[in-house]
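As recorded in TrEMBL:
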- 273-294: region 'Disordered' (REGION)
- 352-499: domain 'Asn/Gln amidotransferase' (DOMAIN)
Amino acid sequence: MTAVADIMDYDEVVERFDPVLGLEVHVELNTRTKMFCGCANVFGAEPNTQVCPVCLGLPGALPVVNAKAVESAIRIGLALNCEVAEWCRFARKNYFYPDMPKNFQTSQYDEPIVFDGYLDVELEDGEVFRVGIERAHMEEDTGKSLHVGGETGRIHGAEHSLLDYNRAGVPLIEIVTKPITGAGARAPEVARAYVKALRELLLALGVSDVRMEQGSLRCDANVSLMPKGSSEFGTRTETKNVNSLRSVERAVRYEMQRHAAVLAEGGTILQETRHFDESTGTTSPGRRKETSEDYRYFPEPDLVPIAPSREWVEELRKTLPEMPWERRKRVQQEWQLSNEELRDLVNAGALDLVAETVDAGAAPGEARSWWVSYLAQQANNRGVELGELSITPKQVARVIELVAQGKLTNKLARQVVDGVLAGEGEPDEVVEARGLEVVSDDSALQKAVDEALAAQPDVAEKIRGGKVQAAGAIVGAVMKATKGKADAKRVRELVLAACGQ
Ligand code: ADP
Ligand code: MG
Ligand code: ZN
C-alpha cells in the first residue's frame with residue numbers, strides 16, 4: 001500500500017521555490033446546435049437521443065462548422081485582448097477512447113482562432129494580477145462514459161460502462177494561459193481568481209452557462225516549481241477537471257506542496273495528469289502525459305479553413321458587453337460605495353439585482369438595503385440564492401416607490417414583499433388584497449386619535465398640560481388600532497393638535 005504522499009509545509013514551499021502555473025479552461029458553448037452537425041446542444045436529455053451520423057462518426061458523414069460557435073470564439077478572444085487569426089484551420093487529434101466515436105477529436109492545433117492576449121485578475125485584497133493568454137481554440141466535446149459498479153465511479157473496479165454520445169460534438173473553447181510566473185505564495189489564489197474572472201467574463205458575454213458543477217466549465221491546472229533564484233521551469237503535472245473554484249485553489253496548493261516534498265528529497269516529478277480528490281484534498285496519478293507527436297495531428301480535410309474578415313471582427317468587437325469588473329467600478333462610483341460595501345454586494349450576488357432595481361427607478365441606497373438585508377434574509381431562510389427568490393427587481397422598485405410616496409410604511413412594505421414572495425401577485429395587488437395601504441385619510445385617523453385620547457383621559461390631560469413626551473402612548477394606541485397602517489409622524493401631529501399643542 002502506498003502511504004499518502006508527503007507534503008511540505010506551505011510556508012517552507014514558498015520560501016524555497018517559485019511556482020509556475022498554466023491553466024487550461026474548457027468551456028462548453030451554449031449554441032443551439034452542436035459544433036459540426038444540427039443536433040441539439042442540450043444538457044440532461046435521455047442518453048443517446050441527441051445524435052446523428054456526423055457526431056456518431058459514421059462512415060461518410062461530413063461535418064459543417066457552426067458559425068455561431070466561431071462567433072462566440074472570436075468574441076471570447078476579443079474580450080481576452082487576443083489577436084484574431086486571419087486564417088486558421090481545424091486539426092484532427094487522433095486517439096482512441098470509447099466516448100469519442102470518430103477516434104479523433106476535431107480540434108485546432110498550431111492555428112488557433114485567437115491568441116496572445118491577457119486577462120487582468122483582481123485578487124481579494126484588490127491587487128490586480130495580469131494573466132497572459134496564450135491561445136483559445138475551438139474543438140468539440142467528447143461523449144460521456146458512466147462506469148457502473150465500482151466505488152469511485154472511475155473505470156477501475158467497475159463492472160461495466162455505459163456510453164452517452166449526447167455530449168459528443170458539443171462546441172468547446174479551450175482557453176490556455178501562458179505560463180504564470182511571479183505569483184509566489186499567492187499562486188493558488190491567483191489560479192482561483194483567474195477562473196472566477198474568466199467565468200464572469202463568459203457569463204457577461206452570454207456564450208456559456210459556465211456551470212462548473214455540470215461540467216460546462218472545466219479547469220485543468222498545470223503546476224511546476226523552480227528553486228528560488230532559478231528561472232528554468234520545472235516539470236509540470238496537470239491536475240484534470242477540477243470542478244469548483246475552491247478545488248482549483250486547493251489542487252494548486254496541494255501540488256505545490258507535493259512537488260516541493262519530492263524535489264527537496266532529490267526526487268523527480270513525472271510529467272503526468274493527476275486527479276483531484278475533493279474529499280481528501282489530495283491528488284493521485286492519472287496517466288503519463290503524451291507528447292503532441294503522439295496525437296498525430298494533421299489538418300482536417302473535411303472542413304474549410306476559417307478566415308474571419310476584419311470587418312466581421314470589428315462588428316463583433318462592438319457587441320462586447322461592459323466587462324464585469326468595469327461595471328463594478330462604475331457602479332461603485334455612481335452609488336458611492338466603499339470598497340467594503342461593494343465587496344459585500346458582490347459576495348451576496350446582489351450587484352445585478354440592485355442594478356436592475358435602480359434601473360427600474362429606485363434610489364441606489366434603498367435598492368441596496370432591500371437586497372442585502374430583508375431579501376437576503378428571506379433567501380437565507382428558504383435556502384435559495386438571492387436571484388432565485390420569486391420577486392423581480394421591478395417589483396422591489398415598485399415597493400420602494402410606494403414607500404417613497406408615503407403609501408406604505410417600511411413595516412407594511414415588508415408585508416407586501418412577503419406577499420409577492422408567496423405568489424400573491426404584483427405589489428399593488430398584494431396591497432389591495434391584504435389591505436395594507438397606509439391610512440393617510442386624516443378624517444379616519446382623527447377618529448382613531450379621538451378614541452385613543454378618550455380611552456386614556458389622564459394621558460390626554462398631561463399632553464394638554466404641556467407634557468408632549470406623553471403623546472407617544474397615544475400614538476402607539478392609534479398605530480395598534482390601525483394595525484400599523486398609519487403614518488406615525490402624522491398621527492403624532494394630530495394628537496398634539498387635538499391637545500392644543
Ligand atoms: P497540454 O497539451 O499538455 O494540455 P497545453 O499547451 O494545452 O499543453 O497547456 C499547458 C499549460 O501549462 C499552458 O497553460 C502552459 O502555459 C502551461 N505550462 C507550460 N509549461 C509549464 C511548466 N513547466 N509549469 C507550469 N505550467 C506550464
Ligand atoms: Mg491542453
Ligand atoms: Zn449530430
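Backbone N, Cα and C define each Cβ position, glycine as well.
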How about long-range neighbours of the region 'Disordered' (273-294): same chain, 6 or more residues beyond its ends, C-beta under 8 Å?
4-5, 95, 109, 220, 237-242, 244, 247, 250-251, 254-255, 258
When DSSP states are grouped into helix, strand and coil, how many residues of the region 'Disordered' (273-294) land in each?
3 helix, 12 strand, 7 coil
Secondary structure tally of the domain 'Asn/Gln amidotransferase' (352-499) (DSSP, helix then strand then coil):
109 helix, 2 strand, 37 coil
